[in-house]
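Colleague: Supplied in structure tokens, the structure appears directly below.
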Protein chains: 2
Amino acid sequence: MERIPPYLHRAEGELWLTEDERDNLKMTYRIKTVLFEEQSAFQHVMVLDSYDFGPMLVLDGVVQTTSKDGYIYNEMIAHVPLALHPAPRKVLIIGGGDCGVACEAVKYAEITRIDMVEIDETVVRASRLHLPEVSGRLSDPRVRYCYEDGVAFAARAKGEYDVIIVDSSDPIGPAEQLFELPFYHSLHEALRKDGLMVCQSQSPIFHSEIMLKTYRRVGSLFPHIRLYTAVVPTYPGGLWSFTLGAKQELPDPDEIRFDKQAGYANEAVLRRCFALPEFLSELLEGADREASRDGGR
Amino acid sequence: MERIPPYLHRAEGELWLTEDERDNLKMTYRIKTVLFEEQSAFQHVMVLDSYDFGPMLVLDGVVQTTSKDGYIYNEMIAHVPLALHPAPRKVLIIGGGDCGVACEAVKYAEITRIDMVEIDETVVRASRLHLPEVSGRLSDPRVRYCYEDGVAFAARAKGEYDVIIVDSSDPIGPAEQLFELPFYHSLHEALRKDGLMVCQSQSPIFHSEIMLKTYRRVGSLFPHIRLYTAVVPTYPGGLWSFTLGAKQELPDPDEIRFDKQAGYANEAVLRRCFALPEFLSELLEGADREASRDGGR
């Protein structure tokens, strides 16, 4: 009898993946073939070739990135901080096992070193082999792969990095600690005095409480904070938020310059991603008022 | 035995709606109750109370608008053209049976008349009764409801309107003709000499061929054309496109003024919705080059 990997089922002769993490909304993808499947020490890892999105990375049954739209997330989490920093040389990526963020970072000639700290080597191997549209089969001598816990790595680093990019999965499972205050504190310590960090801070529509918690935590440590958005088609709700914390004042978005080859990002998009929908502006204004009342920023 | 309406099924004691229109990607919503169900002369109409999105309008099994996020689409299809027109007085809405677009239009004191042409009276009745978050239980004396075919209505109107908003469903079923050239030609004729029109032009990611066809058709009739986007969480891919055609030159987006109460739209969002992702800019540049080669614009 055919063995069907976990999270998949067969119906009407076809293979389907149903994301089951949400109670009230399920996405079901028609799958051509299973390109990779392995239970790692941390999670269940698959690369599935899907009809609508091409090969997709699936961790514990949840779609993380796809060949069709992975570039949007990766470009937006990488190029906004790299374009805002006056001279990024040393970059730390926490997570990002699909290699997509590192692929964007290597486009900057002035960057001399990229440390990519991914807890799960299986994810990197699977992505390099079966997800070339995202991983770009990355092989750049400036990238150093560190297969270890990002929390422990960040706690050891002191005043080393210009830019830190936290490309985590959702705050359940292996990535849970990457949304906690002690971790952001380590990032603050790991940055040079003009450094800045960015993290994905979930959906403003479906996880606004996680987004606001992240915004408050980053804001309690960094004097300058900004939130921006991008549209990620395969994430629930489409709209996704990123929170940026900086030690030094950030330039006006209209001063951003950008000349890299990209599929979603361009100068206008990078300048305008800070223009937030009204409901989101109001949520953040509420958080800012609270912080200043509590003697924070 | 319990009667379950079409498009719904019961599993694990719960009621679910699975959108079945797409071959390779299915969305499944957990449903609390069926608030309204009727087979009209045109389509199957339901209002379902869902766990994640509250009451939702569902036509022929496909979610059209929800209480949670309906305002995003309605604000963006209404306020962009209304903010760009120097003095909108008479407005035509084709479709828009959920009354959401008309609700946005009545926020402009200078508008004296809004003709809302919806083929299916059942949709208006269901929305006014069970979808107050979208329909606003609209009762404004400036709104005239016309329950007839939008194509026939538009063909009779000559030089009457300042702004025309085409809020259609997808180009299958009753709305098919609302994506055809003769219909856009009627709209052109129905507008005053400084008038402008806007239509929803589908997902740039999943239906880029429909989007480009719409852009080309509108561009073949109107000397000034612009495309903008918004994020609509319940539409596949999140990113949604709108195509705007104008008889007179449009002001620079940075000159847009906006002071209405809204949930998604604000002055920054209206000015910046024209900053397109790189892949989309490139698609449109291709279409523009083609048009100028063919002796069009």
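The backbone N, Cα and C atoms fix where each Cβ goes, and this holds for glycine too.
Keep in mind that what you see is a predicted model, and the values were worked out from it rather than measured.
Feature annotation from TrEMBL assigns active site, proton acceptor to A:D167. According to TrEMBL, the feature S-methyl-5'-thioadenosine binding site maps to A:Q43, A:E118, A:D149, A:G150, A:P174. Positions annotated as spermidine binding site by TrEMBL: A:D98, A:D167, A:S168, A:S169, A:D170. Annotated domain 'PABS' per TrEMBL: A:14-247, in sequence order.
Each of the listed features needs to be described in terms of its position in the shown structure.
Modeller: Every protein chain considered, the tally of other Cβ atoms within 10 Å of the Cβ of A:D167 (active site, proton acceptor) stands at 27. Secondary structure at A:D167 (active site, proton acceptor), as computed by DSSP, is strand.
Under the three-state DSSP scheme, A:P174 (S-methyl-5'-thioadenosine binding site) falls in the helix class.
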Colleague: Looking only at C-alpha atoms, tell me how far A:Q43 (S-methyl-5'-thioadenosine binding site) is from A:S169 (spermidine binding site), rounded to the nearest Å.
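Modeller: A:S169 (spermidine binding site) has its Cα 12 Å from the Cα of A:Q43 (S-methyl-5'-thioadenosine binding site).
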Colleague: For A:G150 (S-methyl-5'-thioadenosine binding site), name the DSSP secondary structure in the helix/strand/coil scheme.
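Modeller: SS state of A:G150 (S-methyl-5'-thioadenosine binding site) = helix.
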Colleague: Work out how many Å separate A:S168 (spermidine binding site) and A:P174 (S-methyl-5'-thioadenosine binding site) at their Cα atoms, rounded off.
Modeller: 9
Colleague: Could you name the residues, excluding A:Q43, A:E118, A:D149, A:G150, A:P174, of the same chain that surround the S-methyl-5'-thioadenosine site, i.e. Cβ within 8 Å of the Cβ centre of those residues, in sequence order?
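Modeller: The answer, listed by sequence position, is A:F42, A:G95, A:G97, A:I119, A:D120, A:A175.
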Colleague: Looking at the recorded positions A:D149, A:G150, A:D167, whose Cα is closest in space to that of A:D98 (spermidine binding site)?
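Modeller: That would be A:D167, the closest of A:D149, A:G150, A:D167 to A:D98 (spermidine binding site).
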